[in-house]
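*Asks:* Dumping the structure here so I can ask a few things about it.
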Amino acid sequence: MAGRLPRSADLTRFCQKLNRVKTLEDDMMETTFNRCLSTVDLTLLGIGGMVGSGLYVLTGTVAKEIAGPAVVVSFIIAGFASLLAALCYAEFGARVPKTGSAYMFTYVSMGEIWAFLIGWNVLLEYMIGGAAVARAWSAYLDSIFSHKIKNFTETHIGTWQVPFLAHYPDFLAAGVLLIATAFISFGAKVSSWLNHVFSAISLGVILFILVMGFILAEPKNWSAQEGGFAPYGLSGIMAGTATCFYAFVGFDVIAASSEEARNPQKAVPRAIAISLGLAAGAYILVSMVLTLMVPWHTLDPDSALADAFYRRGYSWAGFIVAAGSICAMNTVLLSNLFSLPRIVYAMAEDGLFFQVFSRVHPRTQVPVIGIVVFGVLMALMSLIFDLEALVQFLSIGTLQAYTFVAASIIVLRFQQEKSAAPPQLAGSQPSPGPNEGAGPSELKEYESFSDKLQLVGTDKAKVHREPGQLKAAFEPYLEFLSDFYPGEVVTIAVVTLMVSAICLCSILVFGNTHLHLPTWSYSLLLLLFSLGFLLSLLLIWVHEQQQSTKTFQIPLVPLTPALSILLNIYLMLKLSYMTWLRFSVWLILGLLVYFGYGIWHSKENLREPTSRSVSARYVVFPSSSLEETVQAVQPNPQPLTELPDMVTEEAKR
């Protein structure tokens, strides 16, 4: 029985497989895609991805059912949280100008399994985003024709009374997705040109809404007679914020398109900042106008803005709004269909997803197979699912991606630069020392123990502090941290920070409602987990960061990404338990795909180091002293039992 149990060495290798990071090419500007997108193109892609059904549909839904007129505050908080995440995306997009967005960023810093799960969730995010926008597009077009399309479908085809499914099949939504899929297949330039046209019309309609809306505004609609500004209280505002995240998910299309940008180092950060600022301003002002035009409790969730103008007697204005909203939703459809196949391409190119999706059409230079397959899947989802259920599901995947990208920023900033070195000749000194390019879980190889002792002495004599090492000013007070390898303490602190954030947010969200904690225990737990969060932050801060590079860097690291992690986790816990249940099922499916296919076909398997022609080779496992565990590696000229004596002799010398 004991013989069938896995050995510790096998478990170690298995864990290393799960946490291996992606090796980047020396020339990251080299690509099979066409680098043809400018800063303006990326900015309009970002605006098109954010300003769509969230503006024309979600605003009315959250105002009526979740937050009331305080939807304005919900959008402000969601915009701030998105800004923290957007800064992280901007730094990664500039430093790693490769397609893949959050998946790629996690792969180069956190590890393979985490990257796959993030990529798996991003796939769902884009599919849900496209399907939800298509249904909103259909509802708005239907409102122009007095819901004749809906009535015809219900009369001649029938309705469904199933939870989370639409009341009737939406063939119009599925059809528009298939048409958009065909246009996206023609290449990045065609997609960008279409996005420019629809974005210009959308921005014009937004200006019209703001001007007409403030003219028709009635402050009494925020008065106590109509329920007040925040009828659902702080809880409603925060619940609305979690749902309003759907409005800002589009900015990551810019990071996903960085491999097709002409100058990603400058274009990506600028495009993210400009597009997010304009989108946040549009959401805040339009939600303010909408709840001032008509009482919030009388809004039509399916077509709130157009219906508000109709009820104020401006039917012609309602028609303009409905027509403009369709153009805005077209940009979101293009954005989702543009990004999704590129995420799939990145995963397939790395071997973690089916290889058929890594094929790029030689003429259009886009992954046509991925575009067609996932365009059809989006169409099927839009045909049968309900919009609100899709939006809730979308938020949790987005927030998780934001959380991991923020954590990846901290890990990457305190890591040493990894550079691929050429193979060493027999008898030569290995180029990476114990503190150069070796993470806490990597094995360091030496050809003799004299080399090990010499390198230890050299490290002690070093004055220059590498990223991940303890700052010189804190060494007299935290000397015990100097025994760890660079980046090791930071990695542990990031994990502790995330655990503390989860516990802290759980107490805030469930402490008084579900857990019914007494006041003293509620306060004590808040204090303990807050201290854990702050101490983890302090442990990270006392270590050296990478020096400033030529690309954009997020300010106030680790504080800014830590705040992003805390806020994202809080918003995730505000979502319903059914959303978490469906999300867990999706994660389980993803793990089945990874362990059934991805882990065996990963291209990092091909990067295993080859053995050198030496008479003996040893692997030294990390320890805080020279008495380290030593294991012989092939070729093995002498028994392993002689090794302890060798350790003792070399240590005495």
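Each position is counted from 1, following the chain as shown.
Placement of Cβ uses the backbone N, Cα and C atoms for every residue, glycine included.
Unlike curated entries, TrEMBL annotations are predicted automatically.
Quick caveat, the model's predicted, so the values are computed rather than measured.
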*Asks:* Out of 554-573, 614-633, which range is noted as transmembrane segment by TrEMBL?
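*Replies:* In TrEMBL, residues 554-573 carry the label transmembrane segment.
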*Asks:* Any chance the transmembrane segment (70-90) and the transmembrane segment (197-217) are in contact, meaning at least three CB pairs closer than 8 A with a sequence separation of 6+?
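*Replies:* Result for the transmembrane segment (70-90) with the transmembrane segment (197-217) is no.
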*Asks:* The domain 'Cationic amino acid transporter C-terminal' (552-602): mean pLDDT?
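*Replies:* That stretch averages a pLDDT of 89.
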*Asks:* Most CB pairs under 8 Å with the transmembrane segment (391-412): which of 171-190, 229-251, 272-296, 316-338, 366-385?
*Replies:* 229-251
*Asks:* Cβ under 8 Å to the transmembrane segment (522-542), counting only same-chain residues 6 or more beyond its ends: which ones?
*Replies:* 410, 414, 470-471, 474, 478, 481, 489-490, 493-494, 496-497, 499-501, 503-504, 507-508, 511-512, 558-559, 562, 566
*Asks:* Quick one: do the transmembrane segment (171-190) and the transmembrane segment (366-385) reach 3+ CB pairs under 8 Å, ignoring pairs fewer than 6 apart in sequence?
*Replies:* yes
*Asks:* Which sequence-distant residues neighbour the transmembrane segment (366-385)? Criterion: at least 6 residues beyond either end, Cβ under 8 Å.
*Replies:* 33, 123, 126-128, 130-132, 134-135, 138, 160, 164-166, 169-171, 173-175, 177-178, 180-181, 184-185, 187-188, 336-337, 340-342, 344-345, 348, 356-360
*Asks:* Need a quick answer: max count of Cβ pairs under 8 Å to the transmembrane segment (36-58), which of 197-217, 229-251, 316-338 is it?
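*Replies:* The stretch with the most contacts is 316-338.
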*Asks:* Applying the under-8 angstroms CB criterion, which one of 197-217, 229-251, 272-296 scores highest with the transmembrane segment (316-338)?
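*Replies:* Comparing 197-217, 229-251, 272-296 against the transmembrane segment (316-338), the winner is 197-217.
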